[in-house]
Amino acid sequence: MTTPAFPDLVPALAAALPELRGKLTANAPIADVTWFRVGGPAQVLFQPADEADLAYALAHLPAEIPVTVIGLGSNLIVRDGGVPGMVIRLGRGFTDIAVDGTTIVAGAGVPDVKVARAAADAGLAGLAFLRGIPGAIGGALRMNGGAYGGETKDALMSARAVDRAGRIHILSLDDMGFTYRHSAAPEDFIFTQATFRGTPGEVAEIQAEMERITSSREATQPIKSRTGGSTFKNPPGHKAWQLVDAAGCRGLVLGRAQVSEMHTNFLINLGCATAAEIEGLGEEVRRRVLETSGVTLEWEIKRIGLPA
């Protein structure tokens, strides 16, 4: 599918942001940074050099330009028409990890699994659950990411964020307002760093727990397919996959998108699906689940951009 290009904003932004150190790219393809491998371009992709560069950009970016943040692209559908405005992706300047006693400080661009490994290597228990989340720390902060009995709220001490005006904030655990797959932090906050606290433990036991999580994921989830991870949040008192299965949606196909046969809360790109097919399949699943069980499933996957 050919997506029309957006107007090129880079020359105007470069003029408005003369001290910018990060990279601006016009009409940047971003499908390949998502796990589904679908979607149109970012009107402008900005990869900030570090937190100060991000704050500078946001402080001087014209207010009428919308801002969207993406991480590793694991829990994300980019629609086929692309994403207008500025898409921010945190790269190398946000990938440091430091361990000090029982404390781990990690940039928002660090994959969750790397934090789990750093904790295990340091003999710190309580963060192994991050091994089961296929995303980055920024996403875990935004949605209280969790898996295998643990959630971000269980280990977080504090977080750093930059708001749309370029102001830097330090948020305590209470400030984050965590609930199931949700943070009450303002929507315009872009997380840049997290500080976690672990509990001293035995390295071998922690590593064994991580291996159990890895084995469980491989046995029960289609992790080798083009998928976005868990599609729907678990409604109170229910498991989303059970509701999807009971609605007869296991293996359901729309175009080149499919509900996984292995785990019904996963959607799969069979090879050359469009974002519209994947999202449309998810909506059909929601319709059937509502019809059969009376439960309205809420998307866990983030969907951004415009239809083609």
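Every residue, even glycine, has its Cβ placed from backbone N, Cα and C.
Here is what Swiss-Prot says about this protein:
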ACT_SITE  ARG181  active site
ACT_SITE  SER230  active site, proton donor
ACT_SITE  GLU300  active site
COMPBIAS  216-233  compositional bias 'Polar residues'
DOMAIN    37-201  domain 'FAD-binding PCMH-type'
REGION    216-236  region 'Disordered'
The answer, for which of the active-site residues SER230, GLU300 has its Cβ ringed by the most other Cβ atoms inside 10 Å, is SER230
Expressed in Å to no decimal places, the gap between the Cα atoms of SER230 (active site, proton donor) and GLU300 (active site) is 7
GLU300 (active site) and ARG181 (active site), compared by Cα position, are separated in whole Å by 8
Under a three-state DSSP reduction, the secondary structure at SER230 (active site, proton donor) is coil
One finds that other Cβ atoms within 10 Å of the Cβ of ARG181 (active site) number exactly 17
In three-state DSSP terms, GLU300 (active site) is classed as coil
